[in-house]
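Inspection log for the structure reproduced underneath, given as structure tokens.
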Amino acid sequence: MDVLFKIAVITLITFNLQLFGRSQPQHDPVNNKDSSAQLQFKTEIIDAQFNSTLYIKNTTAVRISASSKEADGNFPITFVVRQQEGILSWQVPVYIDYVYKFQFVDRTLCPMDKTRRLNMTTQQHIFVDVATMSNSNISFSLMAKLLPDFELVHDVTRNVTTSPSQPQYYMYTFPEDVDTVLLKVTSDDNLCAVVSVQQIKCPVMDLDNNIGYGGKHQTMTTQAAMFLQKSNYQQFAAFYVVIVVKPINADCSVQDIIRRAEPESVTSKNLSIVITRTIPSSQYYKAIFSALSIFLGFYIVAAIIGCIYHGCGCHRNIMDLTHAEKEKLLGCTSMTGSVEGSQGHQCYDSQSSMLSDGNISECENQLLTRSQLSAYGSIMKNPLSESNHSAGSGNMEPNVSTSYRSSIGDNDDELDTSDVDFLPDADFEKDVLRAKTVLYVSDLARKSYKRLSKTFKVYHWNLITIAIFYGLPVAQLVLTYQQALLDTGNDDLCYYNFDCAHPIHDVSAFNNIISNMGYVLLGLLFFILVWRRDLLHRKLVVENPELERCYGIPQHYGLLYAMGLALIMEGVTSACYHVCPSYSNFQFDTSFMYIIACLCMLKIYETRHPDVQAKAYKSYFSMALLIFIAVLGVVYGSNIFWIFYALVHMLSSLVLSAQIYYVGRIKLDRYIVKRLFVLLASDCFHCIRPTYPTRFLMLFVGNVINWTFALYGAIVHPMDFASFLLGIFIGNLLLYLLFYILMKLVSGEKINLLTVLCIVAASITWAFALYFFFHHLSSWKMSPALSREKNRPCVLLDFYDAHDVWHFLSAISMFFSFL
């Protein structure tokens, strides 16, 4: 409403009158009695009248200021402002939250919208009624003024000042060619405030106790931001921006620090308001298809490498060898298949086992490298080691590059160790083999290949079931949160990077969701590559039956399928989490990260210990316990919990170390403590010469690192327990991977060029990914207002923020790491 004061003489009115008071009791001199009991109240109202003129085209507003230093809570002064179609009232002093007292109040009268102005008289009268019940005279001041700059201008910064008793609001109208805008409110101080965007209607919710009931709103300290769409304000293509300062910071802090708000101590909050244009819809398509094209490029590169590496003769396998080369290769490997206690289960040639040392050396020079056998492992560099061991030598260090397969691998009707586990001598035979000081893969791959394959296939089938039962409630919950945010308008429910949160329909931060496409697409690509490799391997085994029994390490793909599926589900659950990231659903973003880390460690161990691998249900149950501990750490991160966690962590490290050290010969039962004591007595207290020095060194370093993590957590108490726990798993995975690579190099195995390139690519992308990961743009560990202080603008294509870039790079990094 445009208001033109015709009588400008009333700008400041000071009254020193007795309002709503009682006359002093009159004394009757005749009867010598007071007549106070017979007195009646007299009402005296002061009206301040303002004449105004309405203008149809523009919108202005009137702001009324009232104050009184003498009024108190028992006898406040009441101000009632009456317009043609509106009424507004307040008291001085005003009590906010029934505690904090303010002697001054400023209120903006609600201007009439364009439609209502057409039906109103041009000459408007504004009446201010002032009244009190006090017996004594009270001084107060009343001032009215026009707000000629009531409308916010597009792309122009407006500086405003407000306080708890002086709320402010302004009007913004969308330009004709603008469909979406970004409202940005900033401040240099950290006083708590609430920013609200409301429809053009009266009354405006501009009080501390009702601002949360109108439109979109969010708390702020130093900054706030909202993406607003014209389609949500279709009636007038405009909205009000309302700002209310809180008397205390409790609403903007995780700690309820009560700060007494006195008029002299509460300084006004200075803010800057600016409304700018956002990116057009075409930029959405550009950003989405740019990211999509990058990940589809991985499919193209994978297809090209497959064609060149396999289709153009760059890769040789058993099928490409001549008959003479195969005979030479089998002649050399047959000698090395004799292992003490094998009882004919190895790929073994008794005639060639008696070759002289000279013949062995000649055969050794004819063995093919790993690059010639692709995924089937390298033939050992020194075939004398195991033949010497079978003759009784136990002092030679193991060559971990050598592996052999049981000759019954493809025959389920024949005997293997799993078929005779109930016989008394079965455990004895396994214990004898696994207790050797020089172990080969053949000693740990004696079970039927088909039986082991079925065991490992359970991993990805179980994971599919877990993903379905876990994913559906996750999606339902986050969509419910998103709908609650839309219904209530409370932006504090979800922790977005509001400076770069591009909405689509009912989704508030579509960019944070679509950026997870990398996990899904690359996980699917990895799944396809594993399927192709599995298919080629099975075809190769059909054509060359001796391959499965005599060459390379065992080829089981169940865990690889599970890893690809876990990467896909990480993208799905991360996208669900980013629908409405909050304290209540943080585990959605990390659960499959734990699973991926565990599956990777299991796969590395399974590669050369297939018979000792944990069952799928045990592995997933352990992962579930880890997620449960992560939830406890976030919700109940007390001193008692940290002590409990440290003890569990250290004890778990010892038990797992015993299992690995004795290659699965330690059973988890009531005698486990006694066996651990024997282990410590034999190898820790007398560690001058451990029975298995290489394993002992690896486990000693691993335990030192894990105990350090546990003690650090118990002493320091990191704020983010979920990330702390995830860091422990990633650290253990990297440690085990480093040990595996070092052992391959020490054993003289060759790492082919493609593997080296994948390692280098993974290292580079991980470095960049972690750089963007530590750009914390929000944090549900803080209050919503403090979290918004971390918000930053988009960094890629005006659409993706730093966390989205982390999604892209981490997906690429995990893909290279899996390869």
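Numbering starts at 1 and runs along the chain as it is shown here.
Cβ coordinates come from backbone N, Cα and C, glycine included.
Since this is a predicted model, take the numbers as computed values, not measurements.
Pulled from TrEMBL, these are the features on record:
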| type | residues | note |
| --- | --- | --- |
| SIGNAL | 1-25 | signal peptide |
| TRANSMEM | 287-309 | transmembrane segment |
| TRANSMEM | 458-479 | transmembrane segment |
| TRANSMEM | 513-531 | transmembrane segment |
| TRANSMEM | 559-580 | transmembrane segment |
| TRANSMEM | 586-605 | transmembrane segment |
| TRANSMEM | 617-636 | transmembrane segment |
| TRANSMEM | 642-664 | transmembrane segment |
| TRANSMEM | 696-715 | transmembrane segment |
| TRANSMEM | 721-741 | transmembrane segment |
| TRANSMEM | 753-774 | transmembrane segment |
Run the contact check on the transmembrane segment (586-605) against the transmembrane segment (753-774): 3 or more C-beta pairs under 8 Å, excluding pairs closer than 6 in sequence.
-> no
Other parts of the chain folded back onto the transmembrane segment (753-774), taken as Cβ under 8 Å at six or more residues beyond its ends | 305, 309, 371, 802-803, 805-806, 809-810, 812-813, 816-817, 819
For the transmembrane segment (696-715), name the stretch out of 287-309, 642-664, 721-741 with the most CB-CB pairs under 8 Å.
-> 642-664
Grab the same-chain neighbours of the transmembrane segment (721-741) for me: Cβ-Cβ under 8 Å, and only residues 6 or more beyond its ends, written as numbers and ranges.
-> 586-587, 590, 593-594, 597-598, 600-601, 604-605, 626, 629-630, 633-634, 637, 649, 698, 701-702, 705-706, 709, 713, 751
